[in-house]
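Feature list (source: TrEMBL):
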TRANSMEM  B:20-42  transmembrane segment
TRANSMEM  B:48-69  transmembrane segment
TRANSMEM  B:90-111  transmembrane segment
TRANSMEM  B:139-161  transmembrane segment
TRANSMEM  B:168-193  transmembrane segment
TRANSMEM  B:205-228  transmembrane segment
Amino acid sequence: MTYAVECKNISKHFGKTTALSHINLNMEKDKIYGLLGRNGAGKSTLLNIVTAQTFPDDGEVKIFGESPYENGRALRNICIVKENGMFLKDVSVTGALDIASSFYNNWDKKLAERLLIEFQLDKRKTYRNLSLGMKSQLGIIVGLASRAPITIFDEPYIGLDAAGRQLFYDVLIEDYMENPRTIILSTHLIDEVSNLLEDVIILNKGEVMLEGNSEDIKNKAFYIRGTKDRVEKHISGKKVLSKEEFGNTMAVAIFDSISDNEIRAMELDDLAISSIPLQQLFIFLTGGKMIKRGDINE
Amino acid sequence: MNRIKSHLKMHYLNSKKSFVIFWSIMFAISALGILISIYFKSRGYESVIITNSIVAVVIFGAVSGMVCYNETLPYMLNMGITRKDFIFGFAIYNILLSLIMSVIYTLLSIWEWLMYKLLGFNYEHFGQFFSGVKGIFEMTWICFLVTLCATVLFTLIASIYYKKGMMFLFGIGALIMLLMFIPGVTQAVFGFLESLVLSCAGGKGYIMMTLYSLAFFLLCYLIIYPLARTSQIKR
């Protein structure tokens, strides 16, 4: 099977700092991926390597089966939008879109024009004179209108208000339904995007901590609350992310498969079960106190 | 080829503003010079008027080469262009910019010559490197060659700076200065430069200058190419 993006044993160091350590990932065609991780987890470094802007110290990357390094054919499949824009400062919005349209083969001019109107972006302004939110809007327009087979958004909406972000999600989904492609969304705003993501990759300290289908992941993450002894009885052998006690009551977050029979048994024991939102799971996994990484790594 | 076209379009849009500002200033200075000359003429000044704008043109080319390289390499890598295509496109940009600058410089010189002649001044165009150069073509061509050499030299400096950083660049500067202290090195370098300049003198000097400039251009790009091929986007 040819993957849209294949990373084999990627490692990258900056001096004594390990940015990425033995990353192995396969991203399928026409899927929406969420690349999640805390600041400094290695997300941007990984995306820079995938797009051949940075070289790995070890390992190899393939884009639709080809190495992207100095390979125009492979690179033509990618559009990356970064948080710091990467636009030329003295070029106007019209100019930036004009340049982008000449680089991306599938450029959708109508979509770009529609988004310009919807975001109410002043076409004559130079990039230098745009506000932070407007710069993000321009990046989003380029990313969406590029229709690149692999479209990467690396923290695309710094400074963008809630309405602007919602518009981005709406257009992203609408356009994805009509023109499926591989979309990689690297973000901190996990709750907002959790419903968009088909697959989730969580990076922590340069390593893949968790990778899989977002629904499967959500279906394995539960809070269980109840009396201490009953909770302990049911979580025995399960992967526990967090445990809090209040007198005789205990609340635990677990990340493990729970069968229907187990759920019924818990309910019979008066235990409250609720699912953990993806953002909270992310916090447990990347910053929680009770993580046993060996248990979590899928 | 389409990617090179897109590359050049990007350079056009990126440089347009600074280019227009530069030439607006140049033409404004020229117009101001003419106004000052008219004033002096009204006060009885009848001597020679000397103008020179080639230095400004060369400096603009050099600065443009340096700034553009650092600004557009990460941008182009982000747009998915290969480093090889970037270098090829940048070399074409260097040539086109130098050529356009030279043509406008020649037009400015012709405008100044016409204006001063019309006003009845004894006009001298100072700043040509070789006294034998009188024709419009030669003037344009030599301005092109000098601007191209300056542009490509500063592109080389920019590529070293991008790849290795400012300290490395300072290190090279310090090393060159140290080498100059070795007995005989300074004489040898200046002797070589002198013979180079002398070989370009005379009526057909611009042919030698063309060959030297072409060699210098290729030599610089032979160094720039491997530097760019291994350059990464900055964190």
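Including glycine, each Cβ sits where the backbone N, Cα and C put it.
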Considering only Cβ pairs under 8 Å, which range in B:20-42, B:90-111, B:168-193 makes the most contacts with the transmembrane segment (B:48-69)? B:90-111
Taking contact to mean 3 or more CB pairs closer than 8 A (sequence separation of 6 or more), are the transmembrane segment (B:205-228) and the transmembrane segment (B:139-161) in contact? yes
Near the transmembrane segment (B:168-193), which same-chain residues lie under 8 Å Cβ to Cβ, leaving out any that are not at least 6 residues past its ends? 157, 160-161
